[in-house]
Each structure stands twice: as structure tokens, then as C-alpha cells.
Amino acid sequence: MDAWKEITKTTENDGVSTCSLSSIAFDPYSELVWTGHKNGQIKSSFGPSLTSYTQFIGHEGPVHQVLPQERGVFSLSSKSLRLSNRKGTIRWRYQDSDCIDYRAMFYQSRNNPEVVIGGYHQKLTVVNAERGISIHKDKNVSDIFIMRRNRLLCCGSTNGEIILRDPNSFQPVNKVVAHTGTISDIDTSGNLLLSCGYSLRHGTYMLDPFVKVWDLRNLSSLVPIPFPAGPTIIRMHPKLSTTAVVCSCSGQFHIVDTGNPLDAKLMQIPLTSYLTGMDIASTGDAMVFTDVEDNIHLWSPLENPSFSDLKLPIQLPNTSTETVQLENNDPLNSIGLPYYKDELLSSWSKYLIFDVGKPILDSNLLIAKQISENSHPVPQEIKSFHRNQIIEVPWLNRKLISEGATPKFHSERQKDIMSGNDIEGSASYFEEIEDTISGPDSIPKFYQRPVIKYSKFGIEDFDFGFYNKTKYAGLETDITNSYCNSVLQLLSYVPSFSKAAISHSLGPCDLMECLLCELGFLFAMLKESTGRNCQATNFLRAFSNSSFAQSLGIVFDDYSDGTFPDSFVIQKFTKFMLTEISRIADYEDKKDGTSFPVSFLLKSFCIPEMQTYRCGICGITSQKIKSSLYIIDLHYPSQQLESILSFEWLFKMSLDRRVDLPPGWCEYCLAHQPFLLRSFIRSLPDCLFINTQVKHHEHWKLWARKNWLPKKLHLRRVNDTMQCVSQKISNLDKDQQSLSVYVLRGIIYEIRQNGEEPHFVSTIRVSDNTSSDNPDDNRWYIFNDFLVKEVTEEEALTVHGPWKIPIIVYYEKLDTKIPQWDEVSDYTLLYQPYSLNKNPPINKIQPLTTDEMLYPKMLVGIDSEFVALQQEETEVRSDGTKSTIKPSKLSLARVSVLRGEGPNKGLPFIDDYVATDDKVTDYLTEYSGIHPGDLDPDRSPYNVVPLKVAYKKLRLLVNAGCIFVGHGLQKDFRIINLLVPPEQVVDTVDLFFLSSRQRKLSLKFLAWYLLDEEIQLTEHDSIEDALTALKLYDCYDKLKSQGKLEETLDNIYEVGRRFKFRPPSVASMSLEDRNSYGDESVISNQTN
């Protein structure tokens, strides 16, 4: 408040008469200041410079009050009420022959907007604001000098009384005797009523040296505000509900808090006369004063203040445009373009050029062709070319990147590269495709649902990298309930959430279906992926099995019943996840040794809420209930949504809600009385999740406003509740340390495309430093499943059209500090057996001993077996070709890990069969070696463990830096949902592979050719396959050290081609077959 200063001073004096200004008011809907004059003129000035905008004659006599509203500008004189538009054109005029002298008016917007007027004629009149006719009159009322509207209509009179009237019936409810003389001014804010006026002292009416303050709830008098200079004008601050501006006629004014009247800031307007009027802009950024000499003084703490929050555009007069002189050397960018709404032709994509076909031939030429079969009609434009000239047809050689382009499969791209047919100009990344600009009806492709295509080689052949050239991972969609991807992506970039989940997943946890552990595993993959696509298979499987989630209706079974997730399902899922964390925290509290990461995580988003029930008659609060929220729902008023000025106001109302309840029993009144339920937030955590609750188009229109969603939220605690203030108001707050600043970090949107089910995307500000102003630390990305793309901040925050609906908003407290704790991995599972079996299982392993500590680059052999939960879905086209609609759904059934070095090399230390509650459609026994009953802990003779245990063992090996040796590990790790860094994978299918042959060799064939071993004779055994992979790796090292690797690879493919890459029995090979490749056996030639 100390920074207030005069920034503009203008005069309305015409040089003939003085004291012509009679009223002044800011326009709450546009950047205008309105003034009324004693000669009936009404003027408006634009902007901080107070440039003249409009001027017109409104009345025959003095203009007592000007009241700008959305419908226009109301002006009141002694005999008439007029409504004009902002250009000065009259809409209607109201006059009453019985009126003596109108003095005050007030606009109230109900179902039918009305203007209430009063004056010195003992009559209160209500005029319809649309038609300008009287709809209600009250006679025999006291004189009304000034009116203010709050919960009650406050009418000040010349006898010192303030009559409080019901705003609906306009009947007197109560009255306050404020002064013994006339009232000078009154104003209201919230439950406060302030007045200043005259009192009789020593036989003379003198200004009271203080401002009187009342509480309208019980009409009790509060501590008055001292003002020795004598108050004549009072205005309550429109943003600070307890702050008042008190002015004297000498030009002094105080800015004072009614709760602390002694702490006032005194300022002086440089006047040579007396002050006659003042007003405060609805933004609170400017004040305007008028004096007897018709000067207008504009005060503000800003150099360029704003008068209106809405800033509706004003219509400027038409001006003739000058002819633009353009010379050859003049730059084109010096010539401006006219305003346009539609897209310019120059910005159309070159791919919007279409072939319209050949020109229409003349009918006479067609008749001529019928007469002579040897003649052919030729268009006249072609006849104009000579025979040695070439007609250029641009579309023949044009190479387009189709707007609906999809990436080529890896196999197709590799084939094109090998054959030299790779098309020049084909897109390597999604961002290279020509795309549209976001608009009310145009949906760019990066918002549309990306679709996975399948080839005969399965999903591994799909090029996910086409949709993501960033270092941040996307999530795949071919999984049941993958609608959760947008929420999972947002949570992964909440630092406290990600760190606590990963730490929890590494430690001991007894819950076998722990969603926090699954989140930790997923977040670790997303963190380490460096842009590779990931999938939330294990998390979504555990989520789908949750009975609590099923009861909430947020688990879907491949949408088989025709229902699809919508925005409210996403909001329910988010609330479910935060509630689930609370449940896990309660479980940890009951155990010995509470897990600090979980308790810290709960505090980071848990919101304490208080609910009170107050009797509407006796006013006694009868019950207080404390509860916890995890996400805040926005609550919109049922009517007059257009009156919501900002997101901060809406959020403030949602933090402190009041609801009228039906009558209940009051213990103090001993009767059934109406109750008021109040729900308010006492404090806010570091992580703030907000449900937008956009339920219909009127709600959406608020979010479509420009700059509706603030990048920062400023909150402070007032008494017992949290309040949200705008940034401008927060800058005026004297106690900056009491403010909490929250930074916008992410938004989840629902994308609606015509004819398709909705899907969800998240826009996230990916940054490790929320307080940084460095642009590199404030980059926004859109996560649309496996499509990830950097976007501008404007693109991320703007709601372009009805197809883009905000669902969840996430704010993070500025400078949030996450405590450091040791992320200690629990390796107990690797050293101690774990089993679900009721009977002791067959022991095929020797667990690691304390002497066999894991270390980086330690070799381990691995192989996995899988069962099918869902068969492949295919379709046969009319040409006989078959395409995959959906691949088979596989689940981990067995995993074996062997020591790859040391004295116990080849000895397994993990051989787990994985229990599953899902229905197995095919055990794939021929390829997996799994039989019915092997995965049932009650019947299986083998060691059966939960999926979480098997997965965590592998995760621990990855974290320890072990190198996995196996055959076809890419597909195995994908189904297991385990991300292993490439440097920790040795895949024998790639070691013995020639890209020029375009065929990868089976483990069975390589073992026959290189090791002289026959494996997989009956069924697959993961221990045998893992051991074989270790031997092949040793063979590879030996061949490479001898310099025979390339020669051996060529021979392998030659032999494979002869035997169709199927190993025959060595004993059954004829002598001719053996000798055709040398004097010695085929195998011995390669191994010696």
C-alpha cells in the first residue's frame, strides 16, 4: 500500500463553469472511467491515460450517479433513470411523474435483473433492467440518500439512520441509528457495514472524527476507525474484504484494515480545493478522485494499471485507412495485415493440393471421335504446346508425407534399407508430419488417440520411437484399463510421489497386491527409460484385481459392455489412488517400524478438513467433525456463472463452503430447526490435486477464458480457513511470509473426438526446479499414451475448444523440500527361499549365500516361460491375407536365473513358478513346459510365488548391475514388464545374427550346431535354456577371440538354409550330409 502514487491527472473544466463533475465510477467490465456532470453530460475515458472515449447528453439536470454494468451504463438524475450502451446510444429511459428527486440506485441481478432507485420522495421503485418499466413500488419510506447492497439492502437517509431492507421484498428488517445528523457515505463488505456522517455538537452539525463499523449478523457495533481529518467518503476494497479507504474533503485518505484500525497508511492528494468524489476499480489496482475544480486524479501502485478483470473489448470508431506506399526495396514485414478470423490461404498446407481430374472435354470433340475411330479429341490447352515441349504436372512427382501417416514396422524399414527402397522424405518422427493448429474445431494429431498396429512379428515390430523423440517415456495402450495412463504419468512427475514409491518398492513389504510397490516399479522404469516406451502391465493387473476399485466402478473389462471411461472415472481413479496410499500408510503404522517414505508421502497430499453444523436460529455450533481429503473438488454456483471473475475466486469458495441443510433437532432450542453445514480447509499440503468438476458447457466456458488458469496460486490462512488471493492482491499483502505460493505443474484433459470414445492426455511441466525462471526448467510436454511431444506453455494451458476438457489440475508448493532418506534395497528374497506352497516343493535351486554378494557386471543366465491368458485375434481380408487385430495376452509363468560365473557356474539360484488368479486359456505346454496345476500353490509340486515376488527378485538384480545372458530377452522382458538397460543385456539371438540374412536363429538350432547338444526334445525347460544361453555366450567369446566369428556365422546360415533352420538328429545324418561340409563333422568344424 506504500507504493500508491498519482499517475495521471486530467481536467473536465470547460473554462466557463466550475464544479461541473457530479459523479464518477470505474467500469467493472472494460477499461473505462465514467463521469457524470451537472449539465447532464456523461463522459467516459479509456485506460490509465484517461483518453476521452465517449461523450453524450444523458439528462436535463445533474447526473447524481453512474452505474456501469454488463448490460450497459445506468445513469440517474433527479427525474429520470437511463440505460445507454457504451457508445452512448440510449436503450430506454424511465421517468415517474410522482417522483420529487431521485438520489441513489443499485443494480441487483436475480432471475430478472432489476435496478432499485430511491430519493427524497418517500418512495422506493424497482425498475426492470431489460424493459425499463416499473415492477414494484413502496411508498411511505424515509428519504434515501445513498444505497449499498450486501445480504441486505442498506439505505442511508438524511436523518442519520440506515434502514436495512430485505432485497427480495424490500420490506424493512432493521435499522441502525448511525449519526444524529445526515449521513455522508456508507459502504458494505461481507458482514461489515461502515458509515460516516455528521453529529450535533455544541449546536452545530460537525463531521464525526471516526468511521463507525457494524457487524450485520447481529447489528453489534465494532471498534470504530479514527480519522481526525473528518471522513466524508468511504469505499471498501473490492479484493481485500476487510480493507477500507477513508477520505476527507481536504484530500487526505487512509488505507486501513477494519480489524486493526490503528495501523493506517495516511496519504495526501495534492489539491488546491476540496475533494468531491472517489471510486476504486474492481481489480483493486486503481483509485480515482475528483475535486471542486473538476480535476480527475488517478492513483495506482502500478505504472499501467488495469481497471477491469474481464477487460471486454470496446468498439473504436471507424477510421479511413491510408494508402500504403510500397517500394521494391521495402521489407514486406513492414506492411501490416488486416484483422482476420479465418485461416489465410498462405498458411494452408501444401498437402491440401488435390488432383481435380482432367478438364471437361467439348461435346463436339466427342462427336468427332465417334465419326472417326482413329482420331482422338485433344483439349485446346494441350494443342498450344509444341511436340518437343514437356507439360509439367506437379502432382506426378510430388512426394507427400501423408497426414494420416503411421510408422513403418521395423521389419519393413529394415527391408527397405537393405533393398535401397527407403523413400526419401518419409517421416522418421511423428513431429515431422504436417499437422493442424489447435482451434475450436480443429484437433491436432498429437491430441488424437495413437493406435498400435501389429505385424506378423508381433508388437515388438511396431515403431514406438516414431511417436517420441524426447527423453521421457510414454505408456502403451494395448492393456486393459490403460485409460489410467494419463494419471500415472502425472504422478510419476510429482517428486515426492515418485521418490517415496520407488523407495517403498525396494524395501520389505508384506502386501502381495500393493499398488504402491507396483507404482514404484513403474516409476523406476519411466525414470530409467530415457525415452523408450514402457507399459503399466503389472500395475494395471493389480489394480484390476482390487475389489475396492471394482466396487467404485472404475475397472473395465476391455469395454465389452459398451461403456467407456469418462472424465469422472479419471477423477474417481485419482481419488482411489490417493486413498489407497492412505490405506497402506495405516497398514505400515500397525507394523513395527513405520515406513518413513509412506508416511511422508501421505502428509504431502493429505488435506485436513473441518465440518461444523450450526443452528440457523440460536447460532450455536453443535458438532465438529474432522476428516481428511486427498483431492479438492471445485464447486460452482448454481446460477450466475458469468459473475465468476477468476479461478482464484472459485477456488476460494471451494475451500470454505456453506450448505443449508433440512431441519434437524437442535439440543439447545429443543426443536427442529434449519442447520447450516460449513466445510472448510484449515491447511494445505505440498501437493495439491484439484478436480475441475466440469459437468456442462457453462462450466467449460469458464475454463475457455483466456488466462483463466493461473500459473501460480497464492494462499494464506485467515482465522481458521485457507483463502486464495490473486497475485496482484498478494503483492499488496504486508505479511509476505504468511503467503503460500503454489506452482502449476500438470493438467489432465479429456479429448473428445466425434464418433470415438473419449481418451485422456496429460500436459506436464517437466522440471526438477519449480522455482527456476530458466526456460529449460519450464518445458511443457504432452503425454498422450506412447506419444510424447514438447509443447508451448500456451498450448498446454489453453482450452481451445469443446473437444478439450480439463479434468484434474495439479499444483505444487513452491520450494518444496523433499527429505533425504537412504534407499536401501531389501535383498532378503535372493538369500532366503519364499514359497506359497502348502507342501514342500521340489528343490531345484541353491539360493545365494552371504559369500556370493551381487556386484556390477556379474553374469547371470536367465530364461522365462509364459502362458496365454487371451488368444490372438486376427482377421482374414478378401485377398486372403491375414492381419493381427490384437496379439495374444501372455503372462509370466516361470522364471529361472543361473549363476553365470564362479565355482557354481550354471547352478540356478531362482526357479519360481508364478501364481495367477487370471483365467489361463492356453498353458502352451509344448513351448513352456507348464501343465495345469503347476501354478496352483495347493497342487503344484514346484515352488510357487506371487508375481510381485518374482518381479522384485529380477528388479533387485537389475539394480545391482547384473548382466543378463539369455536368448530372445527383448520379448521376455517386455512380457515381464521389466526395463533393463541395454548395457546389462547379452542376447544370444543378436550375437549370432547377420542383418543381411534377415532371419534370427533359434536357441535349439544354435545349440545343435555350436554345442553339439540337443535340447527341448520333449518340452521346454527354462533352466536348460538359460544354461544353454550361457554356453553359447562362452562359445561366442571363444570364436571372437580366435577371429572365426564371421566365418562361423556364414556357415551357420548356409547349414540352416539346407536344413530349413531345424536341427536334425546328429545320429540320423547321412555320411553324404556330413561330408558335404568338410572332412570332419559339421559341428566339430565350428567348435574346434
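Glycine residues also receive a Cβ, built from the backbone N, Cα and C atoms like all the rest.
For the divalent metal cation site, Swiss-Prot records Asp863, Glu865, Asp1025, and the single candidate of Asp918, Asp922, Asp972 listed with them is Asp972. Long-range neighbours of Glu865 (divalent metal cation binding site) (same chain, six or more residues apart, CB within less than 8 Å of its CB): Ala893, Arg894, Val895, Tyr927, Ser928, Gly929, Ile930, His1020, Ser1022. Helix first, then strand, then coil: DSSP counts for the repeat 'WD 3' (178-224) stand at 0 helix, 29 strand, 18 coil.
In sequence order, Ile862, Asp863, Ser864, Gly966 are the residues near Asp972 (divalent metal cation binding site), counting only same-chain partners six or more apart with C-beta under 8 A. Annotation: Asp863 carries the greatest number of neighbouring Cβ atoms among the binding-site residues Asp863, Asp1025 [cut-off 10 Å, Cβ to Cβ]. Here the repeat 'WD 1' (16-56) has long-range neighbours at 7-8, 10, 62-70, 73, 75, 77, 84, 86-88, 276-282, 286, 288, 290, 292-294, 296, 298, 300, 303-314, meaning same-chain residues at least 6 beyond its ends whose C-beta is under 8 angstroms from one of its own.
A mean pLDDT of 87 is what the model gives for the repeat 'WD 2' (136-175).
Within the chain carrying the repeat 'WD 4' (270-309), a Cβ under 8 angstroms from the stretch's Cβ atoms is held by residues 1, 3-13, 18-21, 23-33, 35, 45, 47-48, 50, 232-233, 235, 237-240, 245, 247-251, 253, 645-646, 728-729, 732, all 6 or more beyond its ends.
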